[in-house]
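Trainee: Annotation source TrEMBL lists domain 'Lactate/malate dehydrogenase N-terminal' at 26-168. Taken from TrEMBL, the feature NAD(+) binding site applies to 31, 32, 33, 34, 35, 36, 37, 57, 117, 140, 141, 142, 251. The substrate binding site annotation in TrEMBL covers 104, 110, 142, 176. Annotation comment: TrEMBL describes 170-334 as domain 'Lactate/malate dehydrogenase C-terminal'. TrEMBL lists 200 with the feature active site, proton acceptor.
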């Protein structure tokens, strides 16, 4: 039932939609010079939905901004460098996307990532809470299962927490699931929609193949392999890049897809559905990703898990302990912050 609605608008549709007077989204990218930040900024600059693009990083942003500013689309682009320029980057923003942080390298544990990225996300989201408390906050920085609870706790500390405006971007899991299912079934990936729920790491990534549109069937062994590939697709890229980083281009695509859906919904477009890792009452996990109906003020309605197979039930049960631990770790990090 989610299928037609859940797909992002086609380019033609988006173009016709872009004549609306409300297509004036002011978007900030924090970590804009990095491996995800640069291609993400390019995709945002290319969109008629964006009228102002502000780019922040601790290095190279003036150059990235100068380069992007020559592109013949209407979004104005400005680069901001270093912590003292961050407030100006954020003022008046409608949407803030945060791909900042260090990527995984082969053999790296999530904890290696946590120590660096937790501090980066806490610092950047504290600035958002101060300078654009009403903005939609889209977190790409891993581990998302911990960086979303960190963001929530930081916003609470500043007294501006709104759970309907803080999103963990899990869209790449959906994009990968759609692509891999399409490959196996000889379908057009743009026509496939697989909801992916849970979290955004390893076995917490739960693709609901039973809810795929169009309906697809796989023998159990093929299904197990497919789900394993979706869950470990990030590692597949990390290994293939052999030390030169992690998924950046596909992540930039997925991040842009999520931002465009969000902005479309903020502009009043109806029936926009995306999965995202958010504050949730769907399970006994305080945060959980499910399909969401997006609206003018962020999350309009959590569409929940829906009808699932016993195999998917089992995956959820197995994911919850790891998810809870990652969430607690993020919350504790903010509690212990100076």
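Even glycines carry a Cβ here, placed using N, Cα and C.
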Trainee: Taking only the Cα atoms, work out how far residue 176 (substrate binding site) lies from residue 251 (NAD(+) binding site), in Å, as a whole number.
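Mentor: Distance (Cα to Cα, whole Å): 10 Å.
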Trainee: Compile a sequence-ordered list of residues in the same chain as residue 35 (NAD(+) binding site), six or more apart from it, whose Cβ lies below 8 A from its Cβ; state 'none' when nothing qualifies.
Mentor: 103, 245, 246, 248
Trainee: Using Cα coordinates, what distance in whole Å links residue 104 (substrate binding site) and residue 117 (NAD(+) binding site)?
Mentor: 11
Trainee: Do you see any of the binding-site residues 31, 33, 251 whose C-alpha is within 10 Å of residue 142 (substrate binding site), and which ones?
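Mentor: For residue 142 (substrate binding site), the binding-site residues whose Cα atoms are within 10 Å come to none.
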Trainee: Over the span of the domain 'Lactate/malate dehydrogenase C-terminal' (170-334), how high is the average pLDDT in this prediction?
Mentor: 97
